[in-house]
């Protein structure tokens with residue numbers, strides 16, 4: 001008789017299976033992301049601006065040294081550029097034969113003489129353009145200075161006017177015009193108080209007045225109805241949008 005259909009209870013119990021004699025030695029599965037990653041404290045390195053290093057450093061001296069190095073690099077680049085340009089111009093001039101060195105037999109009437117003349121013409125044109133630009137720049141600076149001076153004069157004149165007005169208004173012996181204006185205002189107020197005429201509105205004599213109101217809302221009785229279909233709002237809404 002086969003025993004394959006018998007219930008196997010022993011393998012179903014944890015720690016009692018094959019090779020698992022201890023209940024505490026259960027199988028466990030770990031992931032690499034579950035393991036501790038940072039197991040050591042990271043300290044600040046010597047070149048990472050520690051507080052002691054920052055206190056000991058002389059920032060002004062470092063800044064001055066960097067500025068001197070930058071100026072030296074700029075000057076060296078400018079000198080190299082000028083030397084290269086002068087060498088290139090000398091080489092080009094040495095390569096180009098001068099007009100007096102060319103024999104008359106090689107000169108042709110159709111050949112344009114555009115070597116030195118073009119260079120001198122381009123130099124003169126560039127000088128003229130530079131002079132025109134400088135003149136325009138000076139003109140713009142002068143106009144801006146004049147505009148700034150004009151604004152300052154206007155501001156000073158306005159401040160002086162306000163100061164004189166404050167002085168005159170604060171002194172009752174000098175503020176005669178202000179006293180006259182106050183007296184005139186008081187007289188007008190007394191005249192308006194003495195007159196019993198009611199001022200009319202500017203739209204009292206119009207023909208069509210309050211045409212859109214219809215029935216006076218104040219005369220209607222205010223009532224509350226606990227029904228949405230018979231409420232005043234619903235009636236107004238239906239009259240306005242449905243009819």
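Every residue number used here counts from 1 along the chain in the order it is shown.
Including glycine, each Cβ sits where the backbone N, Cα and C put it.
Taken from Swiss-Prot, the feature region 'Disordered' applies to 1-159 (among others).
Residue counts for the compositional bias 'Basic and acidic residues' (52-82) under DSSP (helix as H, G, I; strand as E, B; rest coil) come to 29 helix, 0 strand, 2 coil. For 52-82 (among others), the entry in Swiss-Prot reads compositional bias 'Basic and acidic residues'.
Residues or ranges marked as compositional bias 'Low complexity' in Swiss-Prot: 84-94 (among others).
Here Swiss-Prot flags 108-130 as compositional bias 'Acidic residues'.
What Swiss-Prot lists as coiled coil is 127-169.
Per Swiss-Prot, compositional bias 'Basic and acidic residues' is recorded for 136-159 (among others).
Annotated region 'Disordered' per Swiss-Prot: 176-196 (among others), in sequence order.
The compositional bias 'Low complexity' annotation in Swiss-Prot covers 179-192 (among others).
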Integer mean pLDDT for the coiled coil (127-169): 90
